[in-house]
Amino acid sequence: MCGITACVADDDVVDTVLTGLENLEYRGYDSAGIATLNGAGVRVHKREGGIDELVAEVDGVDLHGEFGVGHTRWSTHGAPTDENAHPHTDCTASVAVVHNGIIENYAELRGELSAAGHLFTSETDTEVIPHLIEDELAAGNPPEAAFRAAIDRLEGSYAIAALVDGTEAIFATRQGSPLVLGVDDGRRFLASDVPSFIEFTSRVVYLHDGDVVRLTPGDHTITDADGDPVSRPVDTVDWGSEDAERGGYDHYMLKEINEQPEALERTINGRITDDGRVALEEFPEGAFDGVSEVHFLSCGTSHHASMYAQQLLRDRGVPAYAFTAGEYATTPAPVSEDTLVVAVTQSGETADTLASLRSANARGARTLAVTNVVGSTAAREADEALFIRAGPEIGVAATKTFSSQVATLTLVIERLVADVTGAPSEDSEAVLSALQELPDLVDRVIRQSTASSLANRYAGSDGHFFIGRGVAYPVAREGALKLKEISYEHAEGFSAGELKHGPLALVTADTPVVAVFSGKHDRKTLNNVEEVRSRGAPVIGVAPESADNVAAAVDEFLAVPETHPDVAGILANVQLQLVSYYEANALNRSIDKPRNLAKSVTVE
Ligand code: M6R
């Protein structure tokens, strides 16, 4: 959802800014641009299309500058055109701004600025910012004061970086959109996300809302909205550039599917004792005493992980509700101080999830963020945070983070159930032991999967339906989301019993049905398989390898190793990831950068 990047150094930063943009392209790929400053004015190059087109355009152009900002866009206000690409400039072309987020009062500001004679060249909300800075400079304010005065006028969410001609600094701020500072000996970096500059430095400062940063070569200052200095620690991220690269894989998605065994190792490492108990440092025994019910808030894949967790909690007798965050933000469920509200979000920056989290915070619930990103807004704004430790996920389609989310939530659930019921769940030992085996089992799924052989047969069908019961239901939903997201094929996921209440009308010989089995409730789902087969639909069954009854009832059988049914859904989901990947590949889709999508959706 737009990526911004910036660098200051005492030599040319053009290549660094372009590299930073390439590393951020998963955040948006409608258009891209760069602006530099080198004592001879602000130079801007921007264009519709991906970063490679921008790189080709600036090849041979003298953009040289020690101060640079860059932007990769996921369009909100205005079509993906050259004019709407960032950076945006003022009337005098001496201020250049890149922005991620939405300026909600832009129409009013634009009207006011236009009436005062400012000329606008784009349809974006962002363009008001350089014009506001221009006005403040014209009023005699020094550049930093002009920047502060301009952002004071903004309502909405933003991460902004600005260059001002004649000023040896970059100014930046954030409010509701992510912005991270990178610290290196002679250089400073800014970006929407750490992968942008991880190949240059692993030392980072997570900025807070309202922070105003001034970057100069080898130095930075951070002040609050009143201009008072604030101190933010420099952290070191525990992963490197190789984690954010494609390695030898054709796509990030395939790399990240293959990384699941090691991601899961990290997720559970040190969190289960040798004698089979949950050992969450953040949540010792008794940490969840008094919790009466659990709300999960999340979107997309994270919502499916939450639905999975909801099912596990209900199975253990604890009231649990998985809400889509966008709905909860506007129509929240009642909470009390005994309600544990869990925001599940890979990025920790999804606007809908943050809005719903804020609603729960404001109403006095106890809040917990389960996220992949240390320093993210969700991690900071929730009362407590637990990290899934999946490592950076670059592919727009979430894969390894789903597995790590479900594994993390399972640990939380076993801790919580023991606390609120006074005893570990009946299956606690078996489930925790299954979690410990999970990395090896996922590895087996990946090595032995025959999903690629199905791709040519089913890619291009009229539609795909995914069905499952219990934990297999959210997995069916996730399988459908993954397929539609990267293959652009129509796909829907249903609870298996629901199909006959309407969707069955759509089932034909050209709509494969993917039936997911966990080893629990399988007999009923087999009945639903019979219903669709008798309408001529081919059925792909994903089930534990010993499920001979399933193997005999379906056209294609994708086996997963035997494990506890509560964990089996994670294995089945890996098969579905592979089905989607190979179908999308057979259709020659843009797998890592699906049309209209972006990795992190930072607008509501
Ligand atoms: O970062 P989050 O987990 O909060 O993101 C939520 C969704 O936007 C995300 O899961 C999206 O659905 C994925 N692209 C699906 O693969």
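Note that Cβ sites are derived from N, Cα and C of the backbone, with glycine treated the same way.
Copied from TrEMBL, the annotated features are:
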ACT_SITE  Cys2  active site, nucleophile
DOMAIN    2-218  domain 'Glutamine amidotransferase type-2'
DOMAIN    279-423  domain 'SIS'
DOMAIN    454-594  domain 'SIS'
ACT_SITE  Lys599  active site, for Fru-6P isomerization activity
In whole Å, note down how far the CA of the residue listed as 'active site, nucleophile' lies from the CA of the residue listed as 'active site, for Fru-6P isomerization activity'. 9
Taking only same-chain residues 6+ apart in sequence, whose CB is under 8 Å from that of Cys2 (active site, nucleophile), what do you get? Arg27, Gly28, His71, Thr72, Arg73, Trp74, His86, His99, Asn100, Gly101, Ser192, Ala598, Thr602
For the residue listed as 'active site, for Fru-6P isomerization activity', the number of neighbouring Cβ atoms whose distance to its own Cβ is within 10 Å equals 26
Go ahead and report the DSSP secondary structure tallies for the domain 'SIS' (279-423): helix first, then strand, then coil. 61 helix, 30 strand, 54 coil
Restricting to the domain 'Glutamine amidotransferase type-2' (2-218), report the mean pLDDT as a whole number. 95
